[in-house]
Every structure is written in structure tokens, then in C-alpha cells.
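S.K.: Right, I'll just put the structure down here and ask away after.
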Amino acid sequence: MRRCKNNTDKFSVITMRLLTLLLICTFFFFFSFAYSAESDNETDSVVTREINGTVVESNATSAKPREDSFADMIDRALEKEFPDNDQNEVPDPGSFNNSVADQQAVLETVARVKPKKNETKTKEEKSFFNLDNENGVEDTPRLIDRKDNVFIMSNPKSKYPVLQLDLRLISDLVVVIVSATCGGIAFACAGQPVITGYLLAGSIIGPGGLSFVSEMVQVETVAQFGVIFLLFALGLEFSAAKLRVVRAVAIPGGLLQIFLFMCLSGITASLCGGKLTEGIFVGAFLSMSSTAVVLKFLMERNSISALHGQITVGTLILQDCAVGLLFALLPVLGGTSGVLQGVLSMAKSLAILIAFLGALFVLSRTWVPWFLKLMTSLSSQTNELYQLAAVAFCLLVAWCSDKLGLSLELGSFAAGVMISTTDLAQHTLEQVEPIRNFFAALFLASIGMLIHMHFLWNHVDILLAAVLLVIVIKTVVVAIVVKVFGYNNKTAVLVGMSLAQIGEFAFVLLSRASNLHLIESKLYLLLLGTTALSLVTTPLLFKLIPAVVHLGVLLRWFSPDSSTEIGFKGELYHSESAKRISLMIQGSLHDS
């Protein structure tokens, strides 16, 4: 009874702290919003005193920051740092037409060739392109790009099927895979993380480097399988008992982190004379961490089962779940939809998420075990069919999640969790692991291709300062949130440092905000360079974790046994949560 009472008191204290923090943040948020609205009203009142000829010009500038404000000083500094010619180095997706930009496609000029009816061709040429039809006329148009690649639009009247090869995609994939392998080998021989080698290799061969791969849309599409299989493997290793211990901080704590970043950025922008909407977007932008990169490091260091690893993974999963809500918020911030419409859109996304997870839960209890047993019986001699079925199941759930307006990442993780509830989770992981490693390397190399080394070198001073500021702020905010939920200093700092980068999904969020004209070009370039540089410095940040833990022990911030707990190889965590998990496992074994 006394233990239950202590747990209840501890939960009450955590709840009171959380409510107090939310009330304070909400108060400052509405205060800054009211302050910004009052400033806009004062500006409008000044405009009405002007003559009629200058009213239109004043209204156009009323939404801009106040003169001589801190935000105006920052704008002038950014205009000097990122002139207009930098737009050519890092193209803005918002400069394309809306249909192309929304689909994240590449706009390219091509020539459409429609031959004449009386044009004569050789027999071999007709046979290769299947040009022989009933009328003897070629009615299939061709497209020729700037590099003389020929694309057949359609071939409805061909007599015989011909395999059409995309040699451009094959050559690009060969370059990316070979360069990623060389980069990984070089960094492995130097005793450094291979992830850094993948990122650096991609930046060298990409458009910002030697330009071996100039058009990245096809490579990026194939590389997206890396994120899908990474999260699928993570779902296969999912443990409900371990996540149950950290769910109190992973779910409300993750939401609190996003809310805090949005509030702090919005308040800072308002007090400095900037736009409140830009500040809120920057907060949402900074709250996203790199799921693929962090998971890769945690897997390499065997830290998934650690306490800080479980909290980190839970927070990353929650961020993936919140992606749809953030996309619904962007039109509201950009002024393209009303507040009521934005709230309804977010409520719709939340309802779809709950219904989708509920349907998957029912399938995981009924259909999935039967399906896996069937595949096992059919794959008694070889695992080929079982491996193919596991991959197909992952892709199907991820595709359904994407079609419902959720994310591919959420669907692939949910597919892994569905299989983790069965007895074949470990067998499935062994079958999928080689595929995961291959596509993960391809994905990280494609992320490296987004990094323009020339652009980073020209603005390394301001971008490095921005990255250091992001690392410090994210580490402090995340550590405070974790500490509020009753965890020790060591766990809070480790979670903060693990999430102290900007995720690769922020590129998509940034592109969508640029299409909605939510941010200006100079801020777009600053955030783009900061995100790229933060991904490059993430391996170094993980290398510094043991040194930070050792320093914390010397300064008596952490317990003396923290340095042994953070050995990263076969890491165990010595906490009340770990003891509860071990007792639960021992009890289940004893009962069996």
C-alpha cells in the first residue's frame, strides 16, 4: 500500500509540474499573439493618417517587422549573408509551378518528337521501338531531354513486349552505391561511424559536389525505401513492456516538446519584432529530429534497449505521428485557410490516425498470425517466399498509411509492430535486416546529395553558429522536459543530445512552407543550410556523448556508475524502470 501511495504521489507531482509548465507557456503564447496584433493595429492606424497615394504602399509594408527592431537587424544581416545569387546555388522548390512543387518533382525541358507519316525508318529501328502497326505509321511520341536520353511515352499497339531500361537511373544508382561503399570503408578504417562516410560520399557525388548525379528525383525515390525498412525493423524490435515504462514521457513529453518549441520561437519572433507565423513555423521545424540517422546510431551502439534509447525512440515515433498534424497547420500559418478550417483539418487527421491504428490492432490479433504461419509452412525449404511476403506486407501497410494522409514512416513502423506481437518477429528481422542495411546506406547517401558543400563553405560561419545554437537549445529543452517527468540528469541529457539535430523530413516541411510563401528566401536558405550542417555534425555529437557523461560524473551532476552504464556495447540501464522490466520478465518466465 505504501509503494502504491508513493507511485500515486509521484504521478501527481509530475502531473502538476506538467500542467504548470503548460499554463505558463500558454500564457506567454497568447500574450505574444496579443502583443503582435496590437502592434499591427498601431501600424494600421499610422497608415490611415497618410495621404491616399501612399496608403497602398504602407499597407504592403505593414506586415513587415518594425524598423530598428532586432528582427529588422537580423533581416539585414541575412540579406547581406545570403544575396540573390545564392538562389541559383540552392534552388527554391517554391519557384516551380504548384503542380510540380507539390509532387516534389524535377522540372526539366524536353523535346517532343512526333514523326511524320511518310517518314522512312530502317527495319531494325522499327523492330526495336515496336513501330509496326496496322497502318504502318508511328503514332507513339518520344521525348528527348537535354542529355539526349530518349523516352517512349506509350506503346499501345505494339505486337511484342520489349523491356524498356532506364539507363540513367541504373548509372546513378551504381554511382551512389559504389561511392557510399567507398565512403563507409574509408571511415570504418579510420575508426569513425560509417554513417558519416555515407553522408560525405553523397555530398561529393551530388549536384553540390562533382555532380556525378545531377538529377536526384529518381535516386531519392528509390532511397526512400531505406527509411521504410529502418522503421519496419524498429517495429519488429518493438517491446510493449519496455515502451510501457517510458510511455508517460514519450507521448505527452513528445507533444510538450513540439508545443514548447513552437511557443518559444513564436514568442522570440514577436518580442524581436518579427512575424509570429514565421516564429511558430521555425519552432515546428526545429522540433523535428532525424529518425533514420538517430536509429542507425542507436542500433550501431546497441543502445535501443537502454532507458534513454527507449525514450528517444518513443519520441521519434510520436514526431512521425505528428507530421500530418503539422502539415495541416502550415496553410493556417500561411494564411491560405482560416483557423476553423485548419482545426477541422487537424481533427480529421487525428481521427484518421486513430481509426487506422485501431484497424491495424484488430488485424494484428486475427489475420497476421495466420498469414505468417502460412508463409512459414510454404517456405519450409527456402525462406525466399517468406522474405518476399514480409517486404510486401511492410510496403502495403506503408502505402495505405500514405494514401490516408499519414506518413510512410508511420505505416512501416506499424507493420513491424504488428509482426512483433507474434512468435516470428526475430525470424522476420533476420530476413529483412540485409535489405534494411542496403537501402539505409542508399538513403543516407541521398541525404548527403542534398548538401551543397560549396554553399556550406561560403557561409560556414553563420551556419556553424546556427547549428551550435540549435544543438544547445534542443538539448536544453528536451532535457528539461525529460527531467520534468522524474528522470535523472544523465538520462535527460542523453535524450537531449540524441535529439539535438534537425531531421531530414524537415526538408519536406521547409519546401511546403516555401510553396505557401510562409517564409522568405533568406530564412529558407538559412534553415536549409542549418539542417544540412546539423546532419553532418550529428556523428560528432554522438561521439561526444561518453565525454559529456564523464564530465558530468566529475562535476557530480551524474551518478558515479553513469560512465559504466553508457558503454554503448551491451548497454544496460540501472534504474527503477529497468528493475521493473526485469521483474516482469522473470515473473512471466516463472509462470510459464
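The chain as shown is numbered from 1 upward.
From the backbone N, Cα and C atoms, a Cβ is placed for every residue, glycine too.
The signal peptide annotation in Swiss-Prot covers 1-35. Annotation comment: Swiss-Prot describes 169-189, 193-213, 221-241, 248-268, 279-299, 313-333, 343-363, 388-408, 437-457, 462-482, 491-511, 535-555 as transmembrane segment.
Structural setting of the listed features?
M.R.: Same-chain residues lying 6 or more positions outside the transmembrane segment (169-189) and placing a CB less than 8 Å from one of its CB atoms are 196-198, 200-202, 204-205, 212-213, 215, 218-219, 222-223, 441-442, 444-446, 449.
Same-chain residues lying 6+ beyond the ends of the transmembrane segment (388-408) with a Cβ under 8 Å from its Cβ atoms: 224, 227-229, 232, 320-321, 323-324, 349, 352-353, 356, 360, 371, 375, 414-416, 418-419, 428, 431-432, 435.
Sequence-distant neighbours of the transmembrane segment (462-482) (same chain, 6+ residues past either end, Cβ-Cβ under 8 Å): 81, 249, 253, 256-257, 260-261, 264, 286, 289, 311, 315, 456, 491-493, 495-497, 499-502, 526, 529-530, 533-534, 537, 541.
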S.K.: Below 8 angstroms Cβ to Cβ, which residues of this chain, lying six or more residues outside the transmembrane segment (437-457), approach it?
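M.R.: For the transmembrane segment (437-457), the list is 86, 89-90, 173, 176-177, 179-181, 183-184, 194-195, 198-209, 213, 216, 219-220, 222-230, 292-293, 296, 463, 504, 507, 529, 532-533, 535-536.
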S.K.: Under 8 Å between C-beta atoms and at least six residues away from its ends: which parts of the chain pack against the transmembrane segment (221-241)?
M.R.: 169, 173, 176, 291-292, 295-296, 304, 313, 320, 394-395, 398, 408-409, 412-421, 425-426, 428-429, 432-433, 435-436, 439-446, 581, 584-585
S.K.: Go through the chain and flag residues at least 6 beyond the ends of the transmembrane segment (491-511) whose CB is under 8 A from any CB in it; none is fine as an answer.
M.R.: 93-94, 101, 104, 284-286, 288-294, 297-298, 307-309, 311-312, 315-316, 319, 323, 326-327, 330, 409, 447, 450, 470-471, 474-480, 482-483, 519, 524, 527-528, 530-531, 534-535, 537-538, 541-542, 544-545, 548-549, 552, 558, 566, 573, 575
